[in-house]
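Before any comments, here is the structure.
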Amino acid sequence: MKKIKENVKKLLLHFKSGFERFPVTIILAFMHFITGIYIAEVRSFQSDEFVEVNLLLFGSIFITAMFEMLYEKYFYKKNRWLVRGAYSVLTFVVSVIFYVEYLRTNDYYNIYYFTLIPISIVLFLLIPILRKKESREKYLQSVFSNFVITGIFAVVLWIGIEIILATVNYLFFYSGDSLFFRLTTYSFWFITEVFGASLFLSLLKKPNDNLENYEFPFIFNLLIKFVIIPLIIIYTGVLYIYMAKVIISMHLPKGLISHLVLWYTAFSVFMMILITPFTQKDKFFENFKKYFPYFSIPLIFASLFAVFQRTYQYGITENRYYVLISIFWLLFCMILYIRNMNVTGVFISLIICFIISVYTPLSAKNVSNFSQSQRLKRMLVKYGALKDGKISKITQKLTNRQGSQIHTTIQYISDNSTIAKLNFKNEKGEVYSTLGDLEKGLDVKESWKDYYAYESEDGEIPEKQ
């Protein structure tokens, strides 16, 4: 009994230290939990400004955690509450700006705001290891193990609460009252947000902690060495066999290969980061980290070829843009590991990719809209429906597949940009501004709209891209 009390006391001290280190973040997590209940109970999940506030609170959790890590690394000698006040005000101002933008556009999911979340997460991991000559990967190991431990605690606690609630409902109420369903949902929210965030942050090592004697949990070591890495090697072999089949048969690779290579290579980069501290003592880990990049690069080029093939056929879409930039990032990571550069390059390059793909003139939105606009113009010129910027009815007899490509390209531009930006004019010289007017001017057939080409080898509908 005494030992149990000591363990409980130790756990509570962990929570206390976590709150002392990240008070603003944990308070925001609690506020997000409360506003979630309010939206569910009072607003009945009604789509209004409260949902936007809830989403902004969610993003602020990650932003403030990143700022707190920045304070611990570089400004720990400054007044703690002055720094916290400064970054809290900055986070609030950013949230207000995006809230005003929501009121203007009525768009909950502003990509410019929500991209700040992955950027904040990457910075949260990067800041503590900057200027560290040693133990970079050990720190990342500790973050990973703390995350897994938090997940195990949260799952066990939630299952226990669910069993208790189900038992109470069965023994005392024996009904399908929605109250118990809501209680289980709210308990899940509380455990994942407030409890989970508090426990995870309380377990985090400080940026300047000495990790020379840190030991990665032995069970994770065994799992990576005898299960995960062998599976990666087998998976690599399967992809190489497929590539041999493509070369022998002289058939172009399936478009889906880009996704197969993308996710497995990204996961492998994560594994190489985790095993780095073991490479000096374990030959197996050393060889995997040394040779895997060489084997992955041909597969990355194969996936690039597959994506370029699809791009040539159907132009660039936002999804295809993200796949392309991810593949280029992974190629860069493999080159980094071949040249034995440190892990900070992986994180910095990832942040650069986020910034380029969202905040620059070469963003996914701008590039995809330009690509699809040019594709539409080429098709209309080919079919004699566009001349000197003016639109006329399509008089050529098109197949449903050809017509569907025109319809879905116009639909894509309408969904992701505006028809007016095409600057297509009617016979009177008036610019088309709506999807319906442009399709009417082109005489788009209903059969084209209903046609779906399921011929795409990667399961993707080409005309919808």
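The backbone N, Cα and C atoms fix where each Cβ goes, glycine too.
Unlike curated entries, TrEMBL annotations are predicted automatically.
According to TrEMBL, the protein carries these features:
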- 21-39: transmembrane segment (TRANSMEM)
- 51-69: transmembrane segment (TRANSMEM)
- 81-99: transmembrane segment (TRANSMEM)
- 111-131: transmembrane segment (TRANSMEM)
- 143-166: transmembrane segment (TRANSMEM)
- 186-204: transmembrane segment (TRANSMEM)
- 216-241: transmembrane segment (TRANSMEM)
- 261-279: transmembrane segment (TRANSMEM)
- 291-309: transmembrane segment (TRANSMEM)
- 321-338: transmembrane segment (TRANSMEM)
- 345-362: transmembrane segment (TRANSMEM)
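Here the listed stretches are 21-39, 81-99, 186-204, 291-309, and the one with the most C-beta pairs under 8 angstroms to the transmembrane segment (216-241) is 291-309. Among the listed stretches 51-69, 143-166, 186-204, 261-279, the one sharing the most Cβ pairs under 8 Å with the transmembrane segment (111-131) is 51-69. For the transmembrane segment (81-99), the list of distant contacts is 23-24, 49, 52-53, 56, 59-60, 63-64, 67-68, 70-71, 75, 110, 112-113, 116: same-chain residues at least six beyond its ends, Cβ to Cβ under 8 Å.
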